[in-house]
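Below: the structure, in structure tokens.
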Amino acid sequence: MATATTPSRRKSRLNRQGRAAHVFMLPWLVGLVGITAVPTLASLYLAFTDYNVLSTPEFIGLANFERMFADERFWQSVRVTLTYVLVSVPLQLAFALLLALILDRGMRGLTFYRSAFYLPSLLGSSVAVAVLWRELFGHSGLVNSALALVGIEGSSWLQNPQTALGTLVVLNVWTFGSPMVIFLAGLRQIPEELYESARVDGASVLRQFGSITVPLLTPIIFFNLILQTIGAFQAFTQAHVVSGGSGGPVDSTLFYTLYIYQQGFTAFDMGYASALAWVLLVFIGVMTAGHFLLSKYWVFYGD
Amino acid sequence: MREMSRRNMLKFAAVAGMAGTAAACSGVGGGSGGGGGGGTDAGGSATLRYAWWGNNVRQENYTNALNAFMEDHPEITIETEFAEYTAFQERMTTQMAARNVPDLFWVPSAQVMTYYANGLFHDLDGVGTLDLSDYSDADIDGLRLDGVHNTMALGIFVPVVRYNATMAEEDGVTLPEGEDWSWDGFTEFAIDYAANNPNGRWAVNYGPDHDLTLEAWLRQRGEQLWTEDGQIGFTADGIASWLDFWENLRLAGAAPSLSEQDGVGADWSLIGERVLSYFGNSNHIIDDAQFFPEATFLLRNMPVAADATAGHPYLYTPRLAIYGDIDEANLEAAGTLLNYSANNSDMLRITGLTMGAPVNPRVAEEVTEFASPDEQQMLDAVSHDRALERNPRYEAPAGSSTWRTILTRVSEQVALEQSTTVDAATAMIAELQAAIERAA
């Protein structure tokens with residue numbers, strides 16, 4: 001009798017637990033559907049419409065996508081964003097790896113340094129830091145004050161189209177903490193015996209780095225590369241705050257996301273903004289897929 | 001016991017989840033009738049949402065003024081929605097899309113016709129609690145859009161040249177007077193001042209992106225910003241001549257470079273101590289003078305070209321509106337608040353005159369009793385232009401909301417010598433025309 005009722009009770013308990021799991025998932029599910037999935041699908045529809053936020057969207061087929069080809073500011077935003085990604089992501093990863101290698105040597109106060117270096121990652125995309133950046137690189141900012149001490153008269157780094165984007169690259173590189181922590185974790189996974197063997201064989205530090213560290217770290221490098229690249233394509237706050245939302249001077253900091261924002265919320269051209277957003281989404285998707293395809297040639301999982 | 005506890009907890013979680021879902025779904029309402037807490041009850045009380053923009057000082061002052069209103073009108077509760085100017089417009093965009101617009105809201109200048117075209121303004125004719133008895137017909141006619149009176153003016157701005165009288169005295173200079181107060185006369189003075197003052201000061205900020213002064217320039221040339229039928233009212237020549245005026249000053253060293261003033265829109269706190277004069281709005285003196293309390297600032301109305309078109313002066317009136325889809329049960333309460341905002345000097349005593357000179361002539365008279373010296377300067381500058389003959393002025397058409405951004409960009413191109421003034425002006429008109437046509 002007891003053996004006959006036990007599976008039933010267990011099944012009932014599992015059902016109750018299943019229901020409980022669904023109830024607890026409900027808030028998240030509501031958020032996913034209501035705040036992410038539905039607006040995403042809505043924007044896909046809006047990408048094929050003429051929609052000014054206030055009136056009823058009017059279906060116009062591929063016109064928004066065709067418009068991009070002749071839109072000089074669209075191409076400028078593509079150039080700015082690609083430059084930013086191609087320059088800032090490798091620099092950031094290189095800097096993060098360098099710091100991780102230094103911290104991996106087991107120096108005193110490691111916990112403090114790790115936390116201190118991680119801090120900019122938490123602050124880097126904040127409005128406060130972007131405002132700070134504006135003050136640092138302004139005409140009378142700290143950078144020019146420091147240059148003045150050695151007799152160099154600087155101009156406003158943010159008002160020069162040749163240097164404005166560079167300041168944002170520096171800001172992104174400064175937020176190296178997040179990839180650094182991941183690199184550090186990866187470095188800890190590399191067996192010490194490999195280095196000992198290499199040293200016995202007379203390998204230099206550089207040779208050890210090139211033949212042991214980098215190959216065994218490639219999965220981590222790959223992970224960081226994907227994460228930081230996607231993040232860089234979506235960079236917005238820094239450019240918005242530093243340029244006052246204009247992407248200036250003369251569109252030199254017109255990030256793609258900033259252009260989407262301008263079209264949607266300033267020009268009330270939400271249909272076009274939706275189309276731009278979908279182009280970015282598809283591009284990031286294709287680029288990420290490309291990264292995965294190429295990864296088999298340079299990422300070593302050790303299995 | 002344990003089973004019961006879990007069951008109870010699950011029931012609670014389910015109820016909480018459903019309540020949360022319902023609350024989330026009800027978040028999008030319309031004005032006072034929506035889920036934002038507005039609405040009337042059987043006792044006739046009303047809750048109104050009031051939205052405005054500015055800096056933190058204005059936020060505090062207007063919050064105090066609205067609190068004072070609620071003390072006098074305990075049946076009306078006001079929920080405030082404040083933001084910085086750009087953020088205000090961005091928030092309004094999403095609120096408009098959701099039809100969740102505040103009951104009363106300030107109207108950004110570039111959005112007047114866009115908001116109007118989309119039914120955001122309520123007709124004010126017949127709002128019994130709004131008292132228009134102090135106004136002339138011309139005052140009200142100046143606010144009409146397509147013949148409909150659907151907004152009130154918060155105040156009046158005029159374009160001015162603000163100058164630092166303390167600095168002028170130190171440097172022993174006097175701004176041109178009378179017939180010499182022309183654009184050419186100012187240019188000549190500015191270049192001479194910058195070249196000869198002993199403190200290495202500039203004569204004026206670099207300000208080709210300032211909308212009110214550009215409008216003054218165009219109107220003196222017989223052009224205007226916008227036409228009555230919602231088209232561009234200026235020519236490439238008009239814009240190019242404006243850009244040339246500023247380039248002449250910059251290249252001669254009378255105005256700073258973009259780098260020196262950190263952008264086309266000069267940072268007043270950065271250059272205020274180093275420029276003698278500044279082209280801006282009449283109301284800006286109230287806040288800007290606070291940066292340099294030891295100095296005395298005075299206002300001059302715009303320089304006037306010898307061949308200026310008759311009727312070129314104009315008044316700019318920032319507007320306040322009642323939402324077109326307001327809960328009609330709250331309309332009279334909104335009218336009461338609108339009346340307080342436009343026709344009550346007690347409010348201005350609390351807020352100060354940062355939104356310009358009152359349009360209401362009675363209120364304009366009353367505020368002189370408590371206006372600060374800077375505010376009095378502003379009132380005098382507005383009175384000067386208000387007394388002059390003025391041709392009609394038209395609001396920016398739908399689709400032109402980015403025109404100031406475009407002007408800033410082409411000004412940057414010229415100042416950075418990436419474009420000629422004519423090419424920049426032509427590009428500006430082409431971009432703007434395309435935007436207006438798309439919105440049509």
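Cβ atoms here come from the backbone N, Cα and C positions, even for glycine.
Annotated in TrEMBL:
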type	residues	note
DOMAIN	A:78-289	domain 'ABC transmembrane type-1'
TRANSMEM	A:21-48	transmembrane segment
TRANSMEM	A:82-103	transmembrane segment
TRANSMEM	A:115-133	transmembrane segment
TRANSMEM	A:164-187	transmembrane segment
TRANSMEM	A:208-227	transmembrane segment
TRANSMEM	A:275-294	transmembrane segment
Contact set, same chain, for the transmembrane segment (A:208-227): CB under 8 Å, 6 or more residues outside the stretch: 89, 93, 96-97, 101, 178-179, 182-183, 185-187, 189-190, 194-195, 198-199, 288, 291, 295, 298-302
Touch test for the transmembrane segment (A:21-48) and the transmembrane segment (A:115-133), at least 3 Cβ pairs under 8 Å: no
Residue numbers, six or more beyond the limits of the transmembrane segment (A:275-294), whose CB comes under 8 Å of its CB atoms: 43-44, 47-48, 64-65, 67-68, 74, 222, 225-226, 229-230, 233-234, 256-257, 259-260, 263
